[in-house]
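Novice: First the structure, then my questions, so here it is.
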Amino acid sequence: MSQLAHNLTLSIFDPVANYRAARIICTIGPSTQSVEALKGLIQSGMSVARMNFSHGSHEYHQTTINNVRQAAAELGVNIAIALDTKGPEIRTGQFVGGDAVMERGATCYVTTDPAFADKGTKDKFYIDYQNLSKVVRPGNYIYIDDGILILQVQSHEDEQTLECTVTNSHTISDRRGVNLPGCDVDLPAVSAKDRVDLQFGVEQGVDMIFASFIRSAEQVGDVRKALGPKGRDIMIICKIENHQGVQNIDSIIEESDGIMVARGDLGVEIPAEKVVVAQKILISKCNVAGKPVICATQMLESMTYNPRPTRAEVSDVANAVFNGADCVMLSGETAKGKYPNEVVQYMARICLEAQSALNEYVFFNSIKKLQHIPMSADEAVCSSAVNSVYETKAKAMVVLSNTGRSARLVAKYRPNCPIVCVTTRLQTCRQLNITQGVESVFFDADKLGHDEGKEHRVAAGVEFAKSKGYVQTGDYCVVIHADHKVKGYANQTRILLVE
């Protein structure tokens, strides 16, 4: 049955699924930093706590990390911690008097001459990107203050100065952000501040980095190098925020552990209507590659101050799920909003409704057809296991995986049931929180041999599924595990009847 035919069978009175596949990332800020507030977010549906390093000191973020871990421990769950880097940026200098009133139609000059760094006026002001004149051409636009002020470049006055026309009136203040849409900027992937922040993240044992403004695969390596050998197990999720990142997405996906569709800056760097297309491109490519993908920015923004979302916001969240996003992310809604728990609960309900309208079997077949033949052995086993779910109408899958790789491969093929990953590594439990459909169970197997531990882990996975109401006596459960007694590739699939 096609998705269109499936849509014709839907009813608003149908019950929703008994599990939510899409994961929710919450940005932690003044509204939600306390242990009690964090417990509220977790109970409402948060899987990942995001720290935005564009704001706050290391001491502030240290408190957040400690509180997240305390809240998770008190609730007996594993919550991932993500460090979102500030990234490289371009900014204006300072203005005489603190601001400048820019009038539509006026001529102004922007310069990279440091002599104007603190002497800006409406007629001439500083921008701190030294290669500005090399990458910007007449006819290009310069966006300032999140694109609220737009300048059109007319000519190169000299090697440091551009003549521009002001296209709209706006008052700008000191140190406003600058975007150069359509221009190939050559900023480094890791700023001096980022290097210090990344080392802080390594010391604190964060689970993943949301690396800002990644434009090439080489820059993923720069982030990995900055993390150093102690940070080798930290996931790198690349934020795609301009046209270069979209153009180079295939190689970026290959080098990274996942992708974030960072629609805020992306919607300034490319036309807003193109963001819709970019979102579909990035999510689909991640789906085919089996890499987690996050949809972020302004998803339920009105709930920062209002108790209910707009209908358009509800559709936006649902559309991200329909597109195939593993995670949806909240920013100011939970960092500074008045209704942090309510917004997470709303998002969870929207994701669940959208998931219930999907025909996962269509997705499974589409993904399978797009894979190269011959498949790798592990991919073949995992895709066959998902096929077994559909053929037996199994209610859950149990995957034994220390690294989480097998669980991610299974999730790539979108079974229409929850995936329970049993692992002996706590970090794997947390890092799987950005993979759709996967719930993790930590199993301490130190006192057990491998084969004895294997059966105990399978039993632990089945018991977890029963405790969540995913399976009951008489249901089928598909299990994937390794058998180290067999030579060569030894991942095995078996089908259990739940007792």
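Even glycines carry a Cβ here, placed using N, Cα and C.
Pulled these from Swiss-Prot:
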- ARG50, GLY264, ASP265, THR297: substrate binding site (BINDING)
- ASN52, PHE53, SER54, HIS55, ARG91: ATP binding site (BINDING)
- ASN52, SER54, ASP84, THR85: K(+) binding site (BINDING)
- GLU241, ASP265: Mg(2+) binding site (BINDING)
- LYS239: site 'Transition state stabilizer' (SITE)
Novice: Near ARG91 (ATP binding site), meaning Cα within 10 Å, which of LYS239, ASP265, THR297 (recorded positions)?
Specialist: none
Novice: What whole-number Å value do you get for the CA-CA distance of PHE53 (ATP binding site) and THR85 (K(+) binding site)?
Specialist: 5
Novice: Considering only the recorded positions ASP84, THR85, LYS239, GLU241, which residue has the minimal Cα-Cα separation from ARG50 (substrate binding site)?
Specialist: ASP84
Novice: What is the interatomic distance between the Cα atoms of THR85 (K(+) binding site) and ASN52 (ATP binding site), given in whole Å?
Specialist: 7
Novice: State the Cα to Cα distance, in Å, between LYS239 (site 'Transition state stabilizer') and THR297 (substrate binding site), rounded to an integer.
Specialist: 12
Novice: In Å, how large is the greatest distance between any two Cα atoms among ARG50, GLY264, ASP265, THR297, the listed binders of substrate?
Specialist: 18
Novice: Quick one: Cα separation, THR297 (substrate binding site) versus ASP84 (K(+) binding site), in Å?
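Specialist: About 13 Å separates the two Cα atoms.
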Novice: What binding-site residues in the list ASP84, GLU241, GLY264 lie within 10 angstroms of SER54 (ATP binding site), counting C-alpha atoms?
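Specialist: Qualifying among ASP84, GLU241, GLY264: ASP84.
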Novice: Hey, does DSSP put HIS55 (ATP binding site) in a helix, a strand, or just coil?
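Specialist: Once the DSSP labels are grouped into three classes, HIS55 (ATP binding site) ends up as coil.
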